[in-house]
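Colleague: Quick paste of what Swiss-Prot says about this protein:
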SITE      Thr44  site 'Part of a proton relay during catalysis'
BINDING   Thr45, Ile203  pyruvate binding site
SITE      Tyr107  site 'Part of a proton relay during catalysis'
ACT_SITE  Tyr133  active site, proton donor/acceptor
ACT_SITE  Lys161  active site, schiff-base intermediate with substrate
Amino acid sequence: MFTGSIVALITPMDSKGSIDRMGLKKLVDYHVDNGTSAIVSVGTTGEMSGLTHSEHVDVVMWTIEFSDGRLPVIAGTGSNSTSEAILLTNQFNDSAVSACLSVTPYYNRPSQEGLFQHFRAIAESTNLPQILYNVPIRTGCDLLPITVGRLSTIKNIVGIKEATGNLNRVNQLKRLVNEDFILLSGDDISAVDFMRLGGHGVISVTANVAPKDMSTLCSFVQKNDFKSAYDINNRLIPVHQSLFFDSNPIPVKWACKELGLISYDTLRLPMTSISKEHSVLIRKALEDADLL
């Protein structure tokens, strides 16, 4: 089961926008050393929309190589085309990928029946465990709990990253899925509350800059020490907030550069560099949280 602090890992690039392979190794080692429980490779934070198909596959495979069995690797494999999602998922059938994270189709705005058939078709094309990913603010469609319940009956659909920030979803989902179905928060600010209600962990943007804190926070939740978990979360709230002052991953890549975790905060168009105003606010949040 995937639990605890799972980092939604950034994809490091050099000054010209090429993938920084050794920079990726440094990040993987950093997360191994700081208690992260698993890595999501090439999800939203990893700029899945900005990489070519071959780059996407390369980054996931390099992440597996550098992890070397020390951390599970979850591959981002979603697409708004069902056939493309199947193609990308099947690239990892013979790899050491632990699971795939499949985002709801963006732009198309499918019906709930369309979403059901989309994810069923992907799951039936592979033996790899599938984690659903619901993030309506980015995709324009909402995978409702009733549809998740239907999908949870498919053997290799094993969980969901629920990123609405709507805590009512936890109880709704728990009533509709089996007890082994994995519930992961995709919203750092509300993650402690999500887990307190029965969630199993968080796929975290903040873990890029505060992996030890996020890991410790999750450990406290697992021990039912919610006071200690909230103490950490309250210190990190300005960081959680600041990492979304601009579209993800613009702020978190800048923050990682400031922390010396990557050499450049290079992004690919249409993403552009962070504004001076926001960089000042992010720096203050990092300093106030004793991260910088």
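Including glycine, each Cβ sits where the backbone N, Cα and C put it.
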Colleague: Which residues, sitting 6 or more apart from Tyr133 (active site, proton donor/acceptor) on the same chain, put a CB under 8 Å from its CB?
Modeller: Gly43, Gly78, Leu101, Ser102, Val103, Thr104, Ile160, Lys161, Ala163, Gly186
Colleague: By CA-CA distance, flag whichever of Thr44, Thr45, Ile203 among the recorded positions is nearest to Tyr107 (site 'Part of a proton relay during catalysis').
Modeller: Thr44
Colleague: Run through the Cβ atoms and count how many others sit within 10 Å of the one on Thr44 (site 'Part of a proton relay during catalysis').
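Modeller: Thr44 (site 'Part of a proton relay during catalysis') is surrounded by 25 other Cβ atoms within 10 Å.
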Colleague: If you draw a 10 Å sphere on the Cβ of Thr45 (pyruvate binding site), how many other Cβ atoms land inside?
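Modeller: I count 23 other Cβ atoms within 10 Å of it.
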Colleague: Other Cβ atoms within 10 Å is the metric here; tell me which of the recorded positions Tyr107, Lys161 scores highest.
Modeller: Lys161
Colleague: Between the Cα atoms of Thr44 (site 'Part of a proton relay during catalysis') and Ile203 (pyruvate binding site), what distance do you get, rounded to the nearest Å?
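Modeller: Here the two Cα atoms are 11 Å apart.
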